[in-house]
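Read the structure below first, then the notes.
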Amino acid sequence: MGKEKTHVNVVVIGHVDSGKSTTTGHLIYKCGGIDKRTIEKFEKEAAELGKGSFKYAWVLDKLKAERERGITIDIALWKFETPKYHVTVIDAPGHRDFIKNMITGTSQADCAILIIAGGVGEFEAGISKDGQTREHALLAYTLGVKQLIVAINKMDSVKWDESRYQEIVKETSNFIKKVGYNPKTVPFVPISGWNGDNMIEATTNAPWYKGWEKETKAGAVKGKTLLEAIDAIEPPVRPTDKALRLPLQDVYKIGGIGTVPVGRVETGVIKPGMVVTFAPSGVTTEVKSVEMHHEQLEEGVPGDNVGFNVKNVSVKEIRRGNVCGDSKNDPPKAAESFNATVIVLNHPGQISAGYSPVLDCHTAHIACKFDELLEKNDRRTGKKLEDSPKFLKAGDAAMVKFVPSKPMCVEAFTDYPPLGRFAVRDMRQTVAVGVIKSVVKSDKAGKVTKAAQKAGKK
């Protein structure tokens, strides 16, 4: 077997008709987790429905339909392999809650793949002012997805024309530069998702195409296909050296064992014997054991979904949205208030001080008041445009002071990224996204269990 491949998460963004499903479907189909039986079943259904052209989008449509009906699909279906990586496709936009998922994300993307439709008229529509493409790319950048790959799709529809390709590369470079990416670090790859051309094997339809190139700290990296571009993602650094932050997804009471909180380690490590504090309540206790997939662990590291058993704490004292940390190393605390840069996406009216929508931050889901609108900024550069604006509307970026309606635990994005980004939800949609700059923490002490006191004396 050799060493486990590194896991990377990618998010696929782009305009509705850019061919995201077909392209993703193709990678999963050729390199991925869909077993032959499932594919044969899909192919048979496709043929019966007269969708003989089947082509990979059908795979993805099936998966999506199942997911939207709330059938949890075997997530293995959304995975594929490159020589270096296990790749998980987090979520393709178009899905209603895409923005929310990307922020509270069960997993942060290491790289975004922007799919641009090269067809005549299509490219222009996808990248126009109101385009979703702009919003998705801006979101990815704002939320700290620092690596980008651009795939220029549907090259078959323009007969692999070189000048059309160059024109799109030029326009797209300007576009991603405005969002904040440096085009020199971004591979541009011409593909046809429908025909599977230049996805896994180099195309033979474009004698002019010499391959993509990107700059990295280690020097220039070159390749031809989309799969090679994904394989050339720089390996993500997982934050094991930071203090522990583990937002709880659920808390179970298990007969004979006791209270078992469950969640994903975002930063740091959790080990048996550790004395942990839960914020915002401040309850401090000892971790008896840590397990994942019913196996005992010596330690849980970032990315692990773990369950852990705690002593002398009842299910009533801790809940989903609480954050677990090491009581001796920068323990998490309740936030009295916090300042954040907010980008208003789609709010029909004006937002003024006093507005109290629900914020989704890690696993917490709590109403927070826009207490003060401190300053309005340029979305791209962050430069200040005006002090104390009276209101904000769609498209604005601003620094805002928030006050939670009940105790919650959040962190500055620079300290603990997964706990420092949030979605603002109202009217059943994401109206804004935010990145937390600073937090005023509460110093109220909470309950310390006997187990914690004993462990502390050891």
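Including glycine, each Cβ sits where the backbone N, Cα and C put it.
Between the listed ranges 14-21, 126-133, 374-381, 382-389, Swiss-Prot ties the annotation region 'G1' to 14-21. The range from 49-52, 153-156, 201-204, 425-428 that Swiss-Prot describes as region 'G4' is residues 153-156.
Region 'G2' is the annotation Swiss-Prot gives to one range among 70-74, 335-339, 415-419, and that range is 70-74. Taking the region 'G4' (153-156) as a whole, pLDDT averages 90 in the prediction. Outside the region 'G4' (153-156) by six or more residues, the chain places 18-19, 23, 115-119, 122, 165, 190-195, 197-198, 203, 205-206 with a CB less than 8 A from a CB of the stretch. Ranking the recorded positions K20, K30, K79, K390 by the number of CB atoms within 10 A of their own CB puts K20 at the top. Comparing the recorded positions G14, M155, K316 on other C-beta atoms within 10 angstroms of each C-beta gives the minimum for K316. Residue counts of the region 'G4' (153-156) by helix, strand and coil are 2 helix, 1 strand, 1 coil (DSSP-based).
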